[in-house]
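> Pulled the feature table from TrEMBL, pasting it below:
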ACT_SITE  313  active site
ACT_SITE  371  active site
Ligand code: SDX
């Protein structure tokens, strides 16, 4: 980051001496005021619950312009990447800073492909879960459990160890997610096949059975690969910030990623895709498009506690570029599968049309986000609603591990330890008679 010639001065109304702070600028986006000396010089903290105005770190991986609805991975616009690359190209880009050339792609794809198996004892670990366990509960456990198998790459200060862990996590997440799905069905786990693409292999592990050959549908493979691309990273969102904070203690990468899986599960974050599809199914069951107006009145009534899931975003105050690409993918998959008249897709399009004209949404700059259409595509592919967030976690693993590694490669990084505004009881003695 570059020191700006601007300064920020904090003055106090009680006559205390003003404090001057340096201002830094990045390559694009808002400048930052470096307040690291504030507490030392004023005895005061800043107060920013939810980090609405706080840059927690410096990063060169992903840039979002919320007003423009722009998303860049290492400077490349998401729409161009979704059009011209596959998910492993994006993994290489996010991890290494640029797109792979031919030789680099061949080597990287082979490296990932040859790490897709998990330790055979993971099957025994799986037996501890009920068949109806939520896949995110299973995935949180499985990812954390990986740290029990890989003691050979736990020196987080060693870039090679960090790279080995990154490859292992990117390669094994599809296997773990597919195992969680097969476990829920009571079907045998399907081993990875090295002659399939990353996404084709995942579809095979998900939907093949030992009883017959499974042919990967190329339209579905391309659509799911694009879904992975759209979910790969997203700046300092809640789960990425969780991975950074967890990793800042020096814990192993598998534990840090397991923390990210747990955070992503929430309905305000990655769990919104599951919640959105449940919302659409419930609306469809209770009258569908004819009842949209009534439903929207509930959404606008604060006392109802009902939100339009898949809408709104902390950063995007314009259309989430991923939602546009997801809608296009929806149309492609539905028509390829002969589901053009999918009632849920029509319902979602009607909800979007009404919301984008309604002052409640327009005034609050609420637009569809990545989760609004992703569930419809996944449902059309045959992925159960309960697995949507696990698929999001599969795709986001590369972003999490790249951000984790970026943090650890900064020689000045420290363990994260926010402070608070304390409003509890002041010191008092324990009563001797109780
Ligand atoms: C993801 O951070 C990321 O980058 C996340 C993500 C990623 O890739 O990592 O993009 C993935 O998590 C996308 C978001 C998925 N979540 C949802 O779709 C759940 C529904 N959306 C929201 O709950 C909400 O919009 C958030 C959580 C996404 C953002 O919340 P904020 O920024 O804290 O905004 P807010 O809750 O303060 O809302 C501002 C206003 C409020 O009304 P007022 O108090 O101003 O009257 O907008 C209203 C809210 O009530 N509002 C909504 C709404 N979202 C916000 N009202 C109805 N429906 C909604 N969906």
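Placed from the backbone N, Cα and C atoms, the Cβ positions cover glycine too.
All annotation found in TrEMBL is predicted automatically rather than curated by experts.
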> What does the structure give for the C-alpha distance between residue 313 (active site) and residue 371 (active site)? Integer Å is fine.
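Per the Cα atoms, residue 313 (active site) and residue 371 (active site) stand 10 Å apart.
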> Give me the count of other Cβ atoms within 10 A of the Cβ belonging to residue 313 (active site).
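Its Cβ shell of radius 10 Å holds 22 other Cβ atoms.
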> Report the same-chain neighbours of residue 371 (active site): residues 6+ apart in sequence with Cβ closer than 8 Å to its Cβ, ordered by sequence.
270, 272, 273, 276, 309, 310
> Sort residue 313 (active site) into helix, strand or coil using the DSSP assignment.
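The residue in question, residue 313 (active site), is coil (DSSP, three-state).
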